[in-house]
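Chemist: Before anything else, here's the structure in question.
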């Protein structure tokens, strides 16, 4: 049924979105690394006044096994209020949930019962490949022309990966997004600057180089992605490539400033071949073109080889392995997940070229195995991975699994899933919520978190 | 040149005001450009190109209908344009959400003309004016020199009304109401618009 006024979860500007009511539910991708049981979307109660706070209160099992649920997103969000292509009476109602391994896409309706969404459509891998020309769907973003999906490979599982569009009401696949891809071959994340008519993509690698784990020869050869690509959002044409240098491997999460008038954003390179450090780069507009500069470098920590997994023994160090970053709605704090060392860092990026470390917690980690206030002193494995921030910036949630086959390379003795929450101060500083430690069901591992009503990596805005 | 009374002109002006009210016809884009560029002048500068794009779209429909009116009898013309309007309403209802977006927030003035032209055309803004145009073309019996001033006047009256309302709302929102009005006051114009297209189409068909 059409609605008369805009979806109340759509906000014209990030400033207004910060005043949104606190989320009461979190949706979390949950997968079985052994591919025996169906993956699921888990629903976690995040309302502090609830009797089931910090518990999984709903589970939506997928119809197949082996999908490897990973990232997912909403069918519609605040970009529906954009003036050049308004669809304000669409509803933020459906979760678009791809299987990264299976290339199957599930549509979940959260409206009737937000705690127990129902699967209303499944796009089978053959249909996805035939209509989009792509496989391995990864990032989902609601945007000006519908749902944008970044996919890592073509129908043969090879290069190029790219972006395709889905209809945000029918969920039919409309086809490949790019008209001219220029030199772009590898894909990973996609996002944009709506105020600057620019789309940005990043690079991971092809399925053969990650579906059985990272390949050391490919990594040491600098063959994983190390570039950023800039596109004309409306002409759908590649406009510029920025090479961060082959030593900066795995260029992952794109976090453009939420304020649409600001022409800068942050991206992480997971590992440097120079010294196993990880880095954060700021891309920015200068003299009519895009540029990028390294603004944070997090060093590897020396470690006893006896405590390291086989892939790291020779290096005698544990890399920070920064696999996710997330930017608060006011563009002030950047959260950096160091999956290797176990740090979750908060940087004040008020000056995007001079970040200042504002807070750190440590949990899990390849060597440190740091515990949580509610874990009764037990050592924890895995490390801070997918991070999500509440719209008001006061709560930060994260989980500890990266990708089944890669989990086994850094945490070969197994990875027990957990999800935790931090409380963030108004002016910085982070601390664990001592009551929020969700031990994940042993059969599954948690990945991306999406918050009810939107979060800091779901929506984009057209008004400052 | 007999022009069948005042009501077609009032209808053209009234529909112009209706079009101007629709956020998808321009006032919202003007506000956004003002906010982006931090300039009230940007709001003002956005208005003329938007009016021009709207006028061109309306002009194409108005002259087409007048030309057809010169060679086709009124009855079948009514029925045919009525049917087109109903179909357009159905199309707008089913597929109105999936248009290519070609113009963004960095656009220049030419981009705004194009955007406004595409928006008005895709929304069937000109088609909605057909019932008001019919009596005018009935009043100018021969296509050619006689009908051109009528078409110009019709498009002019409509576009000025659209421009006036677009500008008024843009400045009221930019100067006083602010963005909060988008959350509270943005009623479902797609619904109203589809209804207006369908009602116009049905009226034309029934009076054929």
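These residue numbers are counts, starting from 1, taken along the chain as shown.
Cβ atoms are placed via backbone N, Cα and C, with glycine included.
TrEMBL annotations: computationally assigned, not manually curated.
So TrEMBL says this about it:
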TRANSMEM  B:6-30  transmembrane segment
TRANSMEM  B:42-71  transmembrane segment
TRANSMEM  B:77-95  transmembrane segment
TRANSMEM  B:107-130  transmembrane segment
TRANSMEM  B:150-174  transmembrane segment
TRANSMEM  B:186-206  transmembrane segment
Chemist: Taking a Cβ cut-off under 8 Å, which residues six or more beyond the ends of the transmembrane segment (B:107-130) line up next to it in the same chain?
Modeler: 11-12, 15, 19, 22, 24-26, 29, 45-46, 48-54, 56-62, 65, 81, 84-85, 88-89, 92, 96, 99, 154, 158, 193, 196-197, 200, 204
Chemist: Can you tell me which recorded stretch out of B:6-30, B:77-95, B:186-206 has the most Cβ pairs within less than 8 Å of the transmembrane segment (B:42-71)?
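Modeler: The stretch I would name here is B:6-30.
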Chemist: Go through the chain and flag residues at least 6 beyond the ends of the transmembrane segment (B:186-206) whose CB is under 8 A from any CB in it; none is fine as an answer.
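Modeler: Distal contacts: 18, 21-24, 78-79, 81-90, 92-93, 96, 123-124, 127-128, 130-131, 134.
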